[in-house]
Amino acid sequence: MVRLREIPRTATFAWSPGAASPLIATGTRAGAVDVDFSNETCLELWDLGLSSQDASQELQPIAKIGTDSGFNDLAWTDYEDNSRGVIAGALENGSLDLWDADKLINGSSDAVISRMTKHSGAIKALQFNPKHSNLLATGGAKGELYISDLNNITNPYRLGSAAARADDIECLDWNKKVAHILVTGSSAGFVTVWDVKTRKESLTLNNMGRKAVSAVAWDPEKPTKLITSTPLESDPLIYVWDLRNSHAPERTLKGHESGVLSLSWCPQDPDLLLSSGKDNRTLCWNPQTGQAYGEFPVVTNWTFQTRWNPHNPNFFATASFDGRISIQTVQNTRTDTARAIADQNQALDGADFFAKAQTQPQVSNFSLPKAPKWLERPCGASFGFGGRVISVSLIEKGKRASKIKITPFEVDETVAKSTETFENALKEGDLRSICETRASQAASDEEKADWKVIEALISENPRKSLIEYLGFQDQDDETADKLAQLGLNKEEDEVNGKSAKESRGSGAKKHKRLQSMFDANPEADNFLSDLAASKGAKTNNPFQIFNGSETEADKGITRALLLGNFEKALDVALKEDRMSDAFMIAICGGQKCIEKAQEHYFSKQTDGPNYIRLLASIVGKNLWDVVHNADLSNWREVMAALCTFADDNEFADLCEALGDRLEEQIRNTKDKSLRKDASFCFLAGSKLEKVVAIWIEELRENEQRSIETATDDTSFSIHVRALQSLIEKVTIFRQVTNFQDTERTKDADWKLSMLYDKYIEYADVVATHGRLQVAQKYLDLVPEKHPEAEIARNRIKLAMRHATPQRSQQTVPTTRTPVNKPLPQASMYPAQPAFSAPAAAPAAATTAPRNPYAPPTAATTQPVNPYTPPSAAATQPQTSNSYAPIGGGGYTPAGYQPPQPPTYGTQPLGGSVPPPPRASNQSPATVTTYTTATNLPAWNDLPEGFTKPPTSRRGTSATAAATISSPFPNQSPTLSQGPPPPGAPPTQRAPSVPPPPKGTAPPPRVTSPPTNPPGPSSAANPYASLPQSPPMGSTMGVPPPPSIPRGPSPYNAPPSMPPPSNRYAPSPATQAASPQLSTRAPVPPPPHAAASPYTSQPGSHPPPANPYAPSTPPPSQLPMQQAPPPQATSSRPSTASSQRKAAPAPPKYPPGDRSHIPADAMPIYEILSADMQRVKSRAPSSFKAQVEDAERRLNILFDHLNNEDLLKPNTVADMAELARAIQARDYETAKTIHIDIMTNRTEECGNWMVGVKRLISMSRATP
């Protein structure tokens, strides 16, 4: 708990009443010696200044007045005539003094209300009545007990007679429910209940042998319950009494090491009690259950008084004889001093930790197991993500049981309705009807125009539709009408009056004259038709190519045409400015001549009509000139030209350029009416990034306009409708134009960043209304690297998460239910290895010492690995180390090759290696069957201080720690002696197994079958190799014991050619029996190889039959006098396996990448990372290193999941189950699964497994 303030006084104290900022009144403690040996006694008032965050400043009294004597007790009541109340002091000289708190604070000289000396001796205790603040009870020496009325302070009356008792009244307390009931405690051990109304004793309790009473306190809610304490150092007890059975206490609280001096029962929560005493400690209890929650920081002298704040029970104060009154709170568990010391100790290395860590002072680090009653809410509600409201209420009033209700909630019902309607319309695919509906419902001209343009883009010929939308429909009819108005198509215009002639002007007159001139020659109509006659036709109109009257230009053109040199003829015609002749020649000369003629024509017409420049741009395919230089008042005509003539590759960019010009015009002229025209250009060019900016600007303006004119709608509803309209336009536009976002893979600088922000906002809105799939759909349109989108996507995934189905497995599943039936019996003929040395004399069968994490064992049977080839059996003892590395020894010399089981089909031979010798100080352990796993701590377990407070209050002992010779402190000594003579029985006793630590053990995963002594037990590890049994009667020397190789993994190749799981063992191809001897002598196994607690325990009995393995011929029994020679083996790897074509390595992703975690493993990442963040945010700073290490190891696991390596499918499924158990706070199940994976799948475990273990422990300890 946090110490907020300190008052540097050895004094009794009282809290100020009322809800104002808390003050404390202190009176110099009678009989106490001050640090400066001053004998001054006074009453002081202190303002704690709790609103200030600076707790280092020393407090100064705000009021002070001298007294004639020291104080034994103080009381402060909220009296009606005084705004700050009245302070009463119980003085050592027997005087009862009353002060006006207001006048004390103001410094008035008449602050003393009265001074009364009715008591003949010292007043030991006093208290105001909680129901009637004018009544004051005082008790003191010689059993004197007075009741005073502030309205008539000079006439108190006494309870009891003077001759009744002569013992001192040490304490008293008014009943909190019945105003006229008072209890007193005396030095003679009498606890007396008084009825003030009748002025008589109601009941007397015998305080367990008339032990002196130091404090009494009534239950704040139950009027018949009270608590008493004794100040005796030999018997520091607190008794809980129920007056309905006053013969004996209901409960006894034991926790203090010396006499209890003060009690304070929290008036707001009857489950909280403070006690302080001569052991310098202040304890917090639950008096209803007798549970001690913990202790507050220990001081250096007696704590003689402790009190809750009457108005705000978050605060309490404790006075001690070390010269301080500490004001503390129950809302935190660490002090600044403790945090600084913890950080200092965190930096200590292994060399000086034990030398310096004991200087750490005792601090309080407990937390209340449940919220105090004043913080409990009878009901509550919270909005949940995904359109849910979670409400909590009491099942029954007065009981702590609650019910939780989750109900759907929508801020605006129209949001869900419009979203659903739009999504259904999209599924139907009728985009045109959507556009028509939205256009008819548009609230502004801009919005209506946008939907019309989008509707035009849906048609089969979007450009033609855009031209029609621009108003250029029926061009042919319009041109014909205009020509008709000019009179060019009417013959009767020749003679139809003056008005027609005047309208045509001079051009019309010339036309009429020429027409009438040629009408007189009817043969002219057949001229051209005559020229098109057949090859043999002749005409009666002869002509001369050269008649002598030609100009040089005519001759040059004629000669060039005769020779087919159209380019030369064109040059002559252009030089002579004969444009009509030039175009005719260019037509005959081909495209090059046509382009040359056109270029010359346009160069000569620079000052001609405007249509000439337009025609030049069209002919020259240079519409950029029109886009950049045409007047913006004619943007519609420019847009029509683009829709008609622009190339498909340039059309979008031309439209964008025209829109950019219009946007620039908007900025220059502030004419927002052009915004609709720019939107048209951007829509026609499919430039989503440009039109979105305009739409968002229109959204803000329309929203603001709607808010100003709205009467019933809320601002949220208006904003959501506008946002919905924007999303609908963008969605339809993307589908119509088949828009492809090419920037989703970028990390930043997105062109559509404004749209992405709206997508995220819209996803949040629809998710709030319960449409999670719709939200996911739009979040998928946002780049993966967008920071806000990543957060939103994680929220959606968590809200949409379902139980991940487990992958189908080909292996036998691991059973987690207890198994109580016996295992199948093994064959009576054990398989024998190909070669073994003679065995030692038989000895009593033994079992390995207790392994708390090993599976349960059977006496005469052993489960079978259905995927392991038949192998010989051997007995291998294990040490008592529960934390040894997996796989037996941690070190194997180079070249060492343990004996291998025979390959399939070979005839096994008799004989086997004997068991390794035991150390001289060991004896066989007794056969024991365990049904529950013990909770033994490991070297990497969570520090003890993380979950429970330190038990010693004096500090760490200075005794030097014992030398640790092993990195695993509980590891047994290694075997160091040679083998005993054959047949030598063990003579000395084995060391005892260390007891398990305190704590509840996890439930057993497999119940051990019945033990049948004296047969050995064997661990039920389905992945371990079958053990070997020792033969009998051999007289040869005993070779060093081999380590038992693990069987092949059930996920690898079939048992005929499996790669060995032991990296030091040869491949299976080299394990076949060979008639030749090996040229290399066998290397002995490493000494002192401690067996792993997770490998199978040995046994002398054969294993049960393997129902999945090929049958093995019965072994032939060889003579026991001599073993056959060893068969040759090779240490080289298998040629077949080494030459086997390697599969392509899976892709490796960088550390920290989580985007490739498969769906079935995603719950592991999400749950564990979320729980790790919860622990990280609440863990004390002294455990920062452990928390960061656990987080680093979990990231290793997440990297494996992201790369889909190391962990097999069944392990992934089990880890998902473990994660769900942690999420449900089912830590026993999580721990059981963790032990199972660590025991049976060690090859998949790594550094990450330690992080999972630490997270389980930290999560359990974190509230």
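Glycine too: its Cβ is placed from the backbone N, Cα and C atoms.
It should be emphasised that the depicted structure is a prediction, and the values quoted were computed from it without experimental measurement.
Annotation comment: Swiss-Prot describes 495-504 as compositional bias 'Basic and acidic residues'. Residues annotated as compositional bias 'Polar residues' in Swiss-Prot: 805-818, 873-883. Sequence annotations record features per position, and here Swiss-Prot assigns compositional bias 'Low complexity' to 830-863, 925-934, 952-977, 1062-1076, 1128-1143. What Swiss-Prot lists as compositional bias 'Pro residues' is 992-1016, 1038-1061, 1100-1127. What Swiss-Prot records for 5-47 is repeat 'WD 1'. What Swiss-Prot lists as repeat 'WD 2' is 66-109. Residues or ranges marked as repeat 'WD 3' by Swiss-Prot: 118-158. The repeat 'WD 4' annotation in Swiss-Prot covers 164-204. The repeat 'WD 5' annotation in Swiss-Prot covers 208-251. Annotation source Swiss-Prot lists repeat 'WD 6' at 255-295. Taken from Swiss-Prot, the feature repeat 'WD 7' applies to 298-338.
Residue counts for the repeat 'WD 5' (208-251) under DSSP, split into helix (H, G, I), strand (E, B) and coil, are 3 helix, 16 strand, 25 coil. Helix, strand and coil residue tallies for the repeat 'WD 4' (164-204), in that order: 0 helix, 23 strand, 18 coil [DSSP]. Pairs of Cβ atoms less than 8 Å apart link the repeat 'WD 2' (66-109) most often to 5-47, out of 5-47, 118-158, 208-251, 298-338. Beyond its flanks by at least six residues, the repeat 'WD 3' (118-158) meets 30, 72-73, 75-80, 86, 88, 90-96, 98, 164-174, 176, 179, 182, 184, 186, 194, 196, 199 of its own chain at Cβ-Cβ distances under 8 Å.
Under DSSP, residues within the repeat 'WD 6' (255-295) fall into helix, strand and coil as 0 helix, 21 strand, 20 coil. With a threshold of 8 Å between CB atoms, the same-chain residues lying at least 6 positions outside the repeat 'WD 1' (5-47) that come near it are 55, 58-59, 61-78, 84-85, 87, 89, 91-92, 99, 101, 104-105, 122, 304-305, 307, 309-312, 315, 317, 319-327. Sequence-distant contacts of the repeat 'WD 5' (208-251) (same chain, six or more residues past either end, CB-CB distance under 8 Å): 170-178, 181, 183-191, 193, 257-268, 270, 273, 275, 277-279, 285, 287, 290.
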